[in-house]
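Engineer: So that we are looking at the same thing, I have put the structure below in structure tokens.
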Amino acid sequence: MDSVTLRNGVKMPLLGFGVLRMKDPAACIRCVREAFESGYRMFDTAASYGNEEAVGQALRELIEEGKAKREDLFIITKLCIDDAGEEAAGKAFEESCRRLQTDYIDLYLIHQPYSDYYGAWRTMERLYREGRVRAVGVSNFSPERLTDLCLNSRIPPMVNQVELHPFYHQDGALRVMGELGVQPQAWAPLCEGLKKIFSNKVLEKIGGKHGKTAAQTALRWNVDRGVSVVTRSSVPAHMQEDYDIWDFTLSEAERQLIDQLDLGYSEILDYGNPCIARMFLKKR
């Protein structure tokens, strides 16, 4: 699998396996183990997903069975908005480590761009200096908030995980990340199955030329523009399908065809919408 080098020299895989909405512990453990067997080494969870313990158990089993080494795994988790703030963030980090059965996190992200994320960031910086995290970053930060945080921090974010797929390119946000030295990472790289992405004629036609599916074409499109992607599935065949994107690349003409699919807005979560902020902040 290909990787990208973050601004601090840490290498991060360009493809990871996510566990959003995998609430059942046994099912989550099974999926993580099957993803590992398919080739995944980067695993993305969050305190708010409620499955850090299951992810930690699955990875601990793989290590104890001699199938994996901790240093070969790349674990991502995220600080819950309820724990935004300097003191609360420190306690939340320790709890995440306990649940994940690890004494360090490879990439620790602030999950939402609301509440006291500056206080939380001071804790992120401390954890990084202490070697408890190998890299720090944010998730769902707009270009404006990301720029402000980068320019007013001793240790700027290294990653920004945002929604990126063929129907929502966020080219302007990617340009800002590039200028700031922040690595983009995609959640919902397959648009959570919306917009009939798996049967999209443009993606199917391009993929057919390479012997690939629409899903594989969409994932490769993001990777080709330097984006790390986090995909998810509970079906082993789909896990393997998503992983098998390393034996082809898209031509400039093919990328331009996919570029035309951009809607310019999100149909999943619009973080600029006050209603979304109220939902996450639990405010009426």
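In case you wondered, yes, glycine gets a Cβ from its N, Cα and C as well.
Automated prediction, rather than curation, is the source of TrEMBL annotations.
Pulled these features from TrEMBL for this protein:
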type     : residues : note
DOMAIN   : 24-262   : domain 'NADP-dependent oxidoreductase'
ACT_SITE : TYR49    : active site, proton donor
SITE     : LYS78    : site 'Lowers pKa of active site Tyr'
BINDING  : HIS111   : substrate binding site
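Neighbours and distances for these, please.
Structural biologist: Across the domain 'NADP-dependent oxidoreductase' (24-262), mean pLDDT in this model comes to 98.
Contacts of TYR49 (active site, proton donor) defined by a Cβ separation under 8 A and a same-chain sequence distance of 6+ are given as VAL19, LEU20, ARG21, MET22, in order along the sequence.
Counting only same-chain residues at least 6 apart in sequence, those with a Cβ under 8 Å from the Cβ of LYS78 (site 'Lowers pKa of active site Tyr') are THR45, ALA46, ALA47, SER48, TYR108, LEU109, ILE110, HIS111, SER139. In the three-state DSSP classification, LYS78 (site 'Lowers pKa of active site Tyr') falls within a strand.
Around the Cβ of HIS111 (substrate binding site), the number of neighbouring Cβ atoms within 10 Å comes to 24.
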